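Beneath this line is the structure, given in structure tokens, with notes to follow.
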Amino acid sequence: MSVLKILKYPDDRLRIIAKPISKIDTKIHNIIINMFDTMYYENGIGLAATQVNIPLQIIVIDKIEELNHPLVLINPKITKRSGLTSIQEGCLSIPNYQAEISRSKKITVTALNYFGKRIKLKTSSTLSICIQHEIDHLIGKLLIDYLSNLTNLKLLKKNK
């Protein structure tokens, strides 16, 4: 299909809160396919629709050990969290930058899949971190929001 343009920090459109999807149709399927094409092209493991200027609640994830197939989450909601873990995270919207972020170690998430079927996923480790990171994008939150104001200011100056 096609590779979409990824919004880069400090673009204000990254702060837009995504809207839930009420109907999964060909238009939504095409968005999902283009999101996977974009994520693979950029060598990412996850991508939220808001990162490609589409304000809809869609996440795509792949290339993670726990997955044996690409994962699509539409209207995802974390329903349970437990434990804490920290890991170095990167973001396609903040190129060449990584930071250690503390997140829930285990989560349970409900969502619709590519076909509109309701799914419930219990996960931990890298997949858990990736899902939390991408859901943050859907609510206008970036990994830098977990960092100090001084670190944010330095990154903002670097990316302008």
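For all residues, glycine too, the Cβ spot is worked out from N, Cα and C.
Within its own chain, E134 (active site) has G46, L47, A48, I59, I61, L73, P76 as residues 6 or more apart in sequence whose C-beta sits under 8 angstroms from its own. Annotation source Swiss-Prot lists active site at E134.
Around H133 (Fe cation binding site), a 10 Å sphere centred on its CB holds 23 further CB atoms from the protein chains shown. Taken from Swiss-Prot, the feature Fe cation binding site covers C91, H133, H137, and the record attributes it to sequence analysis.
All protein chains shown were included, and the count of other CB atoms within 10 Å of the CB of H137 (Fe cation binding site) stands at 25.
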